[in-house]
Amino acid sequence: MSLQMVTVGNNIALIQPGFSLMNFDGQVFFFGQKGWPKRSCPTGVFHFDIKHNHLKLKPAVFSKDSCYLPPLRYPATCTFKGNLESEKHQYIIHGGKTPNNELSDKIYIMSVVCKNNKKVTFRCTEKDLVGDVPEGRYGHSIDVVYSRGKSVGVLFGGRSYIPSAQRTTEKWNSVADCLPHVFLVDFEFGCSTSYILPELQDGLSFHVSIARNDTIYILGGHSLANNIRPANLYRIRVDLPLGSPAVNCTVMPGGISVSSAILTQISNDEFVIVGGYQLENQKRMVCNIISFEDNKMEIREMETPDWTPDIKHSKIWFGSNMGNGTIFLGIPGDNKQVVSEAFYFYTLKCAEDDVNEDQKTFTNSQTSTEDPGDSTPFEDSEEFCFSAEANSFDGDDEFDTYNEDDEEDESETGYWITCCPTCDVDINTWVPFYSTELNKPAMIYCSHGDGHWVHAQCMDLAESTLIHLSEGSNKYYCNEHVEIARALQTPKRVLPLKKPPLKSLHKKGSGKIITPAKKSFLRRLFD
């Protein structure tokens, strides 16, 4: 095992605990930045390019038929092939936290549609689920098993917000363990079914999961209710006959107590576990190798790398599997320094260079430290926020320059919106609010009903109109709702003429007396 320090450009602030890495044919991509995507990279996915121990994040693009993918941290990810013979694999992304601290319950499928020497184009599709739909969660696992020529996803564990009826102002973001249910998800038809297995008593979070053929192994994890990291090892086997699936669970000996560990595959039958925590305030510095032979699983300790003093003394660490038997690690910067980075990063190589990438398509685990502020002082408390800003991408010419000054308030809506039936806005273009940059698809708010966002260029708004609408609190109705809005409008109320009181008809101090005949004439005049 070899440990190397990695230098990062000015975009270092994008890398925070909870991110994920995806390996497509040897190319690694970063997903799950802290905060909403920026103007120069609305997809929020970056090519994770490390050369000569220097890291560059290069913005990636999505195809026009992609859905919007929010930056999700602490999601469950895994690779997926339609069948074992398929050469191409996809990534499944489920759950995770949004920058608004909301929990996602959606499933996204990431695939490569175009690849050349300079850039990769992704397609992201959202999969709707029916049946027993898992609630939004984070810190869980999703894996794919294959049985009798069929495949199905297996989802387990995680944390979710406490039920809405129990949420108060003081406990609004309090989380609890999800129920220890096992969900089988059919990615072809979008069906989800929940199973209750008596062997699973706790809804473990930040555990390690390994999928092999028709079996999932669940190792370690953290129980928030008991604040323990039980040394449990579960084997969940899924049989997919023509009828209903059969799911059974076996408790196996030889587990280890660890949470938030990172898993990487070094050969067809060997995996390495690195990092994690053995106590709420103590990192687990021991590494383990997991070997499979004739359906038997063996866990043993292995020689640890030469950890640097900074790694040994840091209270937290986090990271993700890069594939090819390599792990990306991060630790907090030294706050004692006058000028200090938010985080320092390392690559840990656990395998030789000639490992076949095709052998690594079934490596799955939660790939970052637990969410520190929900309970314990370290990995379970609110995420560690070290103040640092991303300034610019020192990338190649084919990539846009990242400029933080380009930012607007982007936390209230997505970027990729089909605002009307004829909307043809390129989803890879950043969408500003109330902007006069009509060469970019500015957005304006339609006030009909609960309101929705539309593109100014799709509504054929002139620049002067857009400026007028953006300056004040004027209501605007899009092309589809303008007629409805007009129908709702009523004529302005006309105030009636005030009748002067009779006593005012006698001018004070005039000395003139108005006769009854004049009074009668004046009444008719004013009436």
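Along the chain as shown, the residues are counted starting at 1.
Each residue, glycine too, has its Cβ placed from N, Cα and C.
Per TrEMBL, the feature region 'Disordered' maps to 359-379. If you look up TrEMBL, you'll see 361-370 marked as compositional bias 'Polar residues'. The domain 'Recombination activating protein 2 PHD' annotation in TrEMBL covers 414-491. The Zn(2+) 1 binding site feature in TrEMBL is assigned to C419, C423, H455, C458. What TrEMBL records for C446, H452, C478, H481 is Zn(2+) 2 binding site.
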Protein Cβ atoms within 10 Å of C446 (Zn(2+) 2 binding site), excluding its own: 21
Pairwise CA distance, H452 (Zn(2+) 2 binding site) versus C419 (Zn(2+) 1 binding site), rounded so that it is a whole Å: 8
H455 (Zn(2+) 1 binding site) and C446 (Zn(2+) 2 binding site), distance between Cα atoms, whole Å: 10
Fewest other Cβ within 10 angstroms of its own Cβ, chosen from the binding-site residues C419, C423, C458, C478: C423
Residue pair C478 (Zn(2+) 2 binding site), C419 (Zn(2+) 1 binding site) - Cα distance, angstrom, rounded: 9
Greatest C-beta neighbour count within 10 angstroms, which of the binding-site residues H452, H455, H481: H455
Pairwise CA distance, C423 (Zn(2+) 1 binding site) versus H481 (Zn(2+) 2 binding site), rounded so that it is a whole Å: 15
Zn(2+) 2 site, defined by C446, H452, C478, H481: further same-chain residues with Cβ within 8 Å of the Cβ centre: C419, Y445, S447, H448, G451, V454, Y476, Y477, E480
